[in-house]
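Student: Below are the structure tokens for one structure; questions will follow.
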Amino acid sequence: MEDYILKVEELNYNYSDGTHALKGINMNIKRGEVTAILGGNGVGKSTLFQNFNGILKPSSGRILFDNKPIDYSRKGIMKLRESIGIVFQDPDNQLFSASVYQDVSFGAVNMKLPEDEIRKRVDNALKRTGIEHLKDKPTHCLSFGQKKRVAIAGVLVMEPKVLILDEPTAGLDPMGVSEIMKLLVEMQKELGITIIIATHDIDIVPLYCDNVFVMKEGRVILQGNPKEVFAEKEVIRKVNLRLPRIGHLMEILKEKDGFVFDELDLTIGQARKTINSWKNKIFND
């Protein structure tokens, strides 16, 4: 039996101006895995995330967290936000304290934890995100990548069960992208945190994500593991997305260069294995 930490049932959300942002969303998020939400700008990803942790309340439908409907009382929402943390795309929208230590400690202080527990959690969060050496530095003096890590640490200090990140790799150089994704996967594996990301960086999805949902105009139109989702090439392209670069290369080799592949490989490792197998078969025949 599948273990889902979040269940979304017929979720609709309307903004006050009449915009119908989410339209009958049904979605199950597996506990302890990395899930990607894909889709163009304006399809409802951010609205969905804000419904997940109670910033917004559904117009209709419901969300279950840990198999219980979300409690929208003040106490219930405060508890929910300790368990489901959001890291925004632009860390400058999330950092507001004078120093890194003060900023990271904010959530723990707000939880009214004992001082020694606050110090312990902050130290652990700083160490986990690799920014212990920055703890006394003013937040406005940090690089963009460092600010991203501080924002993650500020959520991590509350020891959430779910960590939601809106475009976690946006604005980072290639090394920064790799480092931040490895950090997230490390937290998922070692702490058991469920990771949910919205991203336009298609190439990271088959490398780091277990599950994928594709959205269009407020609806989920595809879901599955990366191979299942990217096998729907026509649908992917119709919603202004693309295949991962390796997947596109394998598609070209098959359709234009006579290579024979059973499946569409999406990573370098998968592609090497398939091409070597094909090469050996040709030479042996």
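Using the three backbone atoms N, Cα and C, a Cβ is placed for every residue, glycine included.
The annotation domain 'ABC transporter' is assigned in Swiss-Prot to 6-242. Taken from Swiss-Prot, the feature ATP binding site applies to GLY39, GLY40, ASN41, GLY42, VAL43, GLY44, LYS45, SER46, supported by sequence analysis.
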Student: Reduce the DSSP letter at GLY39 (ATP binding site) to three states and note it down.
Tutor: coil
Student: Name the residues of the same chain, 6+ apart in sequence, whose Cβ is under 8 Å from the Cβ of LYS45 (ATP binding site)?
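Tutor: Looking at Cβ-Cβ distances below 8 Å from LYS45 (ATP binding site), excluding near sequence neighbours, one finds ILE37, GLY39, ASP166, ALA198, MET215.
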Student: For SER46 (ATP binding site), what is the secondary structure state per DSSP, taken as helix, strand or coil?
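Tutor: Going by the DSSP assignment, SER46 (ATP binding site) falls within a helical segment, counted as helix.
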Student: Which of the listed binding-site residues (ASN41, SER46) has the least company, meaning the fewest other Cβ atoms within 10 Å of its Cβ?
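Tutor: Least crowded of the binding-site residues ASN41, SER46, by Cβ count within 10 Å, is ASN41.
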Student: Whose Cβ, among the binding-site residues GLY39, GLY40, has more other Cβ atoms within 10 Å than any of the rest?
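Tutor: Selected residue: GLY39.
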Student: Are there residues of the same chain, six or more positions away from VAL43 (ATP binding site), whose CB falls under 8 angstroms from its CB, and which are they?
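Tutor: Same-chain residues close to VAL43 (ATP binding site) (Cβ under 8 Å, separated by 6 or more) are MET215, LYS216, GLU217, GLY218, VAL239.
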Student: Around the ATP site recorded as GLY39, GLY40, ASN41, GLY42, VAL43, GLY44, LYS45, SER46, what other same-chain residues have a C-beta within 8 angstroms of the site's C-beta center?
Tutor: ALA198, MET215
Student: Averaged across the domain 'ABC transporter' (6-242), what pLDDT does the model get? Just tell me the whole number, please.
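Tutor: 96, rounded to a whole number.
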Student: Using all protein chains in view, find how many other C-beta atoms are within 10 Å of the C-beta of GLY42 (ATP binding site).
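Tutor: GLY42 (ATP binding site) is surrounded by 12 other Cβ atoms within 10 Å.
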